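> Pulled these from TrEMBL:
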DOMAIN    14-449  domain 'Amine oxidase'
BINDING   SER15, GLU34, ALA35, VAL234, GLU425  FAD binding site
BINDING   PHE342  substrate binding site
Amino acid sequence: MSREADVIVVGAGLSGLIAAREVLAAGLEPLVLEADERVGGRILTEEALPGVHLELGAQWIGDTHHRMEALAGELGIELYPQFEEGETSYELDGRVLRGEAFHSAYGEDMAGVERVLRTLDRMAAEVSAEQPWAAPHADEWDRITVGQWYDAQGLSPIARSMLEICTVGILAVPTVEVSLLGLLVNVVSCGVSADLLSESEGGAQTRRFIGGTSQIPLRLAAALGERVVLRSPVLQIEHAPDQVTVTCRGGLVARGRRVVVALAPTLAGRIMYDPPLPGQRDQLTQRMPQASALKAFAIYDEPFWRADGLNGQLISAPGPARMSNDSGMPEDSGGPGIILAFLEGESARVAGAWPQAQRQDALRAELGRHFGPRAAQPDLIVEGAWVERQWTRGCYNANPGPCGWIHFGQALTAPIGPISWAATETAAAWSGYMEGAVEAGQRAAREVIEVLT
Ligand SMILES: Cc1cc2nc3c(=O)[nH]c(=O)nc-3n(C[C@H](O)[C@H](O)[C@H](O)COP(=O)(O)OP(=O)(O)OC[C@H]3O[C@@H](n4cnc5c(N)ncnc54)[C@H](O)[C@@H]3O)c2cc1C
C-alpha cells in the first residue's frame, strides 16, 4: 500500500501530532505514521477502576507550561490542582520524620542544599538551552558528572542524599550518568531556577487534567482523522533534497516532500536512513539513552493520610520508592485515595527487576512506615513501567552522557536535507516535558512550512 502527503510525520506522540496539526493549518497535507496501536506515546491514561484515571505516563503541568494550558483550553479539557496540603515524610537517616521535625533536626543540612541550588542558578545563567556547547564553561562542565560535582560541594551526607534523590527525581538516572552541563541545560530549559531539583520540583507539577492526559493526543488525532495511521513502525527513510520515501513494517510506503521524525533520539537512531545520516548525528543518537522510571499507584478507599496532616509525599533513601505524592482525584469528587510512588534511576532498574510480589511487598512496607499501617494495605497496586514498551524503551526522557553536549549537541535539532527533528528532547523550553513536546512539534512544523509554502 502507498500513501502520499506533503509532510510525513513519524510518531503520533504529542510532538508529532502537534507538528501534523500545524502543517495542516498551513494548508499542507500531513501523514502521521505511528508504530503502536494507539496514539499518545509517553502519555497513557488507564481507567483502573470505573472513573478512576491513572496516568501511567505524563500526569502534571506546571504554572509556566503555557502551551499545554492553552492546548487543554482549546481542546476543552479542564484542569485541577495537585493536592499539596500537609507535611512531607522523610527517611534519610534511618528514622522516619515528618516535615517540621525533619527540618528542625536538619536545618543546617538543608541550608547546604539551598546553597548548592543557588550556585547552580548562577552557573545556569551562563548557559543557553539552544546552544549549551557555547557557554563559557561548557567544556569544563560537560566533562564532570553531576554526581562528581555534588560530591565536591562540602555537603553533609544528609544534604548529599537529599540532592541525589531530588535530582534523580528529574533525570531518572543516577547523577553519575549526566554531566553538570546537562543538568544546567535542564535547569535553564525549565526557567533558570534550580528549584527544579528541590522537593517542590520547581513548580513542574501543579495541575492535572480532569478525565486524564490521554484526552489530549486522542482529540488531536481525531481532528487529523485518516491522516494518522497506527500499527505502522517506520523502518526506513530514503531521502533526496526534496523528496522522502518512508517504508513501514507491514509494507506501507509513504512518499512526501519533507519528513518530521518526532521520536526520542535513541528511537530515531533505530530507523535506517538512506543515504546514511552524517556521523555526528548517529553518534548523538548513540549517546542519548532513555532514562529509567517506574510509577506505582497504591489505591485506598480514601485519602486517609490527609486527615493525619500528611500530604502523601515521601522522600526516602532506602526506597524502593524515593519519592511519592498524593495522586488523588479532584478534591470534591469523593474518589479513592491514591499514592503514587516513584521508582527512578537505580531504584527503577534494581527493584524494577525484582519479582512483582517482592517489589510490591517492599513498597507496602515503605508506605506503612511513612503513612501508617493502613497505608501498608492498599486495595490495589497498579504499576506503569516503560522499559519493556518497544516504542518507548524507558522514560521520562533522554539526556546525553558526559561530553555529549559539547561534541554532538549541535546535531540534536539541525535538519538534515528534508528531515526535521521533533520530540520533547529537542525542545529549548521544558525539554523532557509535554510542554517541550509541543514546542518541538511547533518548531519542526515551522521548519517544513517555511520551505514548502
Ligand atoms: C512515566 C512518565 C511520566 C511522565 N510525567 C510527566 C509529567 O507529569 N508532566 C510532563 O509534562 N511530562 C511527563 N512525562 C514526559 C512526557 O510524557 C513526554 O515529554 C512527552 O509525552 C513526549 O512526547 P513526544 O511526542 O516527544 O514523544 P513520545 O511520546 O515518545 O512519542 C513518540 C511516538 O513515536 C512512536 N514511535 C516510536 N518508534 C517509532 C517508529 N519507528 N515508527 C513510528 N512510530 C514510532 C511511539 O510509539 C510514540 O507514540 C512523563 C513521561 C513518562 C513516561
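Cβ coordinates come from backbone N, Cα and C, glycine included.
From a predicted model like this one, the values you see are computed outputs, not experimental measurements.
Explain the structural surroundings of these features, please.
Residues near GLU34 (FAD binding site) in space but far in sequence (CB under 8 A, at least 6 apart, same chain), listed by position: GLY11, ALA12, GLY16, VAL228, VAL229, LEU230, ARG231, SER232. DSSP assigns GLU34 (FAD binding site) to coil in the three-state reduction, outside any helix or strand.
Following the DSSP three-state reduction, the secondary structure of PHE342 (substrate binding site) is strand. If you take the C-beta of PHE342 (substrate binding site) and look for same-chain residues 6 or more apart in sequence within under 8 angstroms, you find GLY169, ALA293, LEU294, LYS295, ALA321, ARG322, MET323, SER324.
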> Which one of these binding-site residues has the most other Cβ atoms within 10 Å of its own Cβ: ALA35, VAL234?
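Max Cβ neighbours within 10 Å, all protein chains included: VAL234.
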> Enumerate in sequence order the binding-site residues GLU34, ALA35, VAL234, GLU425 whose Cβ-atom distance to ligand 1 is under 6 angstroms.
GLU34, ALA35, VAL234
> Measure from the Cβ of SER15 (FAD binding site) and count the other Cβ atoms within 10 Å, all protein chains considered.
35
> Quick one: give me the count of other CB atoms within 10 A of the CB of GLU425 (FAD binding site).
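Excluding its own Cβ, the number within 10 Å is 25.
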> Secondary structure at VAL234 (FAD binding site) (DSSP, helix/strand/coil)?
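It is in a strand.
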